[in-house]
């Protein structure tokens, strides 16, 4: 009887250790995935700030892309980037 109880307790201890290991691994993967997503967001934000695209709001600190020009268009109450009738060179 003592051997059976000892075996059950030992099995529960092994399962607890394995469960803790899987949980730690899952948490590490989750943190790594979250970090990767934040890196991708930061890269896309930096890319988006280089210039404003067609119909994007523009100011002195937010310039339009090379083939666009910043203009005031009524009834919109702010400046937008519109096409300057040129084509970007590739």
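Counting begins at 1 with the first residue displayed.
Glycine too: its Cβ is placed from the backbone N, Cα and C atoms.
Quick look at what Swiss-Prot annotates:
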DISULFID  51-65  disulfide bond
DISULFID  58-70  disulfide bond
DISULFID  64-81  disulfide bond
SIGNAL    1-19  signal peptide
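Every protein chain considered, the tally of other Cβ atoms within 10 Å of the Cβ of residue 70 (disulfide bond) stands at 18. Minimal Cβ crowding within 10 Å, among the disulfide-bonded residues 51, 58, is found at 51. Among the disulfide-bonded residues listed (58, 64, 70, 81), 64 has its Cα nearest to the Cα of residue 51 (disulfide bond). DSSP gives residue 51 (disulfide bond) a coil state; it is part of no helix or strand.
The CA atom of residue 70 (disulfide bond) is located 6 Å away from the CA atom of residue 64 (disulfide bond).
Its own atom aside, the Cβ of residue 64 (disulfide bond) has 22 Cβ atoms within 10 angstroms in the protein chains shown. Sparsest Cβ environment among the disulfide-bonded residues 65, 81 (other Cβ atoms counted within 10 Å): 65. Across the structure, residue 81 (disulfide bond) and residue 65 (disulfide bond) are spaced 8 Å apart at their Cα atoms.
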